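Copied over from Swiss-Prot:
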type     : residues : note
TOPO_DOM : 1-39     : topological domain 'Cytoplasmic'
TRANSMEM : 40-60    : transmembrane segment
TOPO_DOM : 61-87    : topological domain 'Extracellular'
CARBOHYD : Asn73    : N-linked glycosylation site
TRANSMEM : 88-108   : transmembrane segment
TOPO_DOM : 109-120  : topological domain 'Cytoplasmic'
TRANSMEM : 121-141  : transmembrane segment
TOPO_DOM : 142-145  : topological domain 'Extracellular'
TRANSMEM : 146-166  : transmembrane segment
TOPO_DOM : 167-171  : topological domain 'Cytoplasmic'
TRANSMEM : 172-192  : transmembrane segment
TOPO_DOM : 193-199  : topological domain 'Extracellular'
CARBOHYD : Asn197   : N-linked glycosylation site
TRANSMEM : 200-220  : transmembrane segment
TOPO_DOM : 221-283  : topological domain 'Cytoplasmic'
TRANSMEM : 284-304  : transmembrane segment
TOPO_DOM : 305-320  : topological domain 'Extracellular'
TRANSMEM : 321-341  : transmembrane segment
TOPO_DOM : 342-347  : topological domain 'Cytoplasmic'
TRANSMEM : 348-368  : transmembrane segment
TOPO_DOM : 369-387  : topological domain 'Extracellular'
TRANSMEM : 388-408  : transmembrane segment
TOPO_DOM : 409-424  : topological domain 'Cytoplasmic'
TRANSMEM : 425-445  : transmembrane segment
TRANSMEM : 449-469  : transmembrane segment
TOPO_DOM : 470-504  : topological domain 'Cytoplasmic'
Amino acid sequence: MELNNKEDSPRHTVPFVRQITEDGKAKLEIYRPTTNPIYIYTQILAAIAVSMGSMVVGFASAYTSPALVSMQNTTITSFKVTEQEASWVGGIMPLAGLAGGIAGGPFIEYLGRKNTILATAVPFIVAWLLIAFANSIWMVLAGRALSGFCVGIASLSLPVYLGETVQPEVRGTLGLLPTAFGNIGILICFVAGKYVNWSGLAFIGSILPIPFMVLTLLIPETPRWFVTRGREERARKALQWLRGKKADVEPELKGIVKSHCEAERHASQNAIFDLMKRSNLKPLLIALGLMFFQQLSGINAVIFYTVSIFKDAGSTIDENLCTIIVGVVNFGATFFATVLIDRLGRKILLYISEVAMVITLLTLGTFFYYKNSGNDVSNIGWLPLASFVIYVIGFSSGVGPIPWLMLGEILPGKIRGSAASVATGFNWTCTFIVTKTFADIVAAIGNHGAFWFFGVICLIGLFFVIFFVPETQGKSLEEIERKMMGRVRRMSSVANMKPLSFNM
């Protein structure tokens, strides 16, 4: 008679297994890979708390689009803003985000995931007040730089926190909440920007971090971080809070401890050497690839310069109304993805996303080419908005949120902080390059050429997803790590495991 090990059972099955009790009788029980998957209320609270920070990030990302119009109006602004300075108002935030992303890695390792997230709240408030009270362009740039630094830290720490606290059954859904709330922030900025100038918009931005700070104070640190610090009892309490008072958290805690001990045995004393190990390099390169194709889709150029793009297109629809429509669609598409991601999986949504973006970017490029050739486009003035709507739906349902979700899933626990720091820094480097050079690209190859360029990048991104990106739907972090590092046992016999028979 061969007894099967519970740890060998595949993640997607819930097999019935007979165990022999102390009195010699067989006991039938269900092996569940996680504890109490029904109780998720506290996990929802934790997800909402950190996602409020993402709303601040979204507001900061969208600020340039409505603010620059009034900032460059000399009847509103007491100081002059040149075109070059205006480009830095948009470009300095991703550059500072790069610095924040690099600094965020050590922060989440030594301060903890929660404390790092919480530490961004007050600097966010200070940054927005600097902009609101600015009497020179330098104060605006200082505020944008400080907010960008916080955005970089938040971009790194939010997905790591959620990846380490939420159960696999709902990790996809709750893991997309930061993106959904980020899109709420974008929408708030677009709507408010229609009615207030750049200074009033900054005052609104200074209010948003307050509820984020209050809610974050209520949630625990991640159990996995406590385990890495040798605080097993604190990890147990955090798990109990997250899974419910009546949940048996011991199996999950033992799995976390075992995974950490295994990672420690394979780790070197040098973090850089750990990153460069072949087993760790694979998930890191996949994360970098996802970030590259996310930003080279041109999304930040679209968000930062939405009003200007519609003005250049000669759209018959009010420019500010266009940005609000795009914001509403962005928000709605993310919630659509939130509903589907744990049903369809990550890769299917990425396929749909990339295809939609390829088609719409090529369409936009063709529209601008037709217009720039001197043709009358007044009868298709609706086309830029229609293309933008489909483009945003495509981005927000896959390429936008999923790379951040997978950042907290595929990176091994031992290097999660440093690897996430590298990936986030790389993301913001790409963001800065695209944002700062978008105007130069348009000047060099025309706006039609710019959209065609981004469309080709999205097409390449589709093939990257097909051949290199793994499916993580429904898998625990420990199982994903074993698979990515090539330490998964062959489980064909376990997958077909039958109840053991006993002669009684």
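From the backbone N, Cα and C atoms, a Cβ is placed for every residue, glycine too.
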According to DSSP, does Asn197 (N-linked glycosylation site) fall in a helix, a strand, or coil?
coil
I'd like to know if the transmembrane segment (88-108) touches the transmembrane segment (121-141) in this structure, counting it as a touch only when three or more C-beta pairs sit under 8 Å and are separated by 6 or more positions.
yes
Go through 40-60, 146-166, 321-341, 388-408, 449-469 and flag the stretch with the largest number of C-beta pairs under 8 Å relative to the transmembrane segment (172-192).
40-60
Largest tally of Cβ atoms lying within 10 Å of a Cβ, found at which of the glycosylation sites Asn73, Asn197
Asn197
Long-range CB partners for the transmembrane segment (388-408) (under 8 A, at least six residues beyond its ends), listed in sequence order, are 155-156, 158-164, 171-172, 175-176, 178-180, 183, 286-287, 290-291, 293-294, 297, 299, 302, 306, 322, 325-326, 329-331, 333-334, 336-337, 340-341, 346, 349-357, 359-361, 364, 416, 420, 423-424, 427, 458, 461, 469, 472
Looking at the transmembrane segment (40-60) and the transmembrane segment (449-469), are there 3+ C-beta pairs under 8 A, with each pair at least 6 apart in sequence?
no
In Å, rounded, how far does the Cα of Asn197 (N-linked glycosylation site) sit from the Cα of Asn73 (N-linked glycosylation site)?
10
Tally of DSSP helical, extended and coil residues in the topological domain 'Cytoplasmic' (109-120)
8 helix, 0 strand, 4 coil
Just to confirm my parser: what is the rounded mean pLDDT across the topological domain 'Extracellular' (142-145)?
95
Counting Cβ pairs under 8 Å to the transmembrane segment (348-368), which of 88-108, 321-341, 425-445, 449-469 comes out on top?
449-469
Can you name the far-off residues of the same chain, 6+ from the ends of the topological domain 'Cytoplasmic' (409-424), with a Cβ under 8 Å from a Cβ of it?
101-106, 108-109, 152, 155-156, 159-160, 163, 171, 175, 224, 228, 259-260, 263-264, 266-267, 271, 274-275, 279-280, 283-284, 286-288, 291, 470, 472, 475, 477, 480-481, 484-485
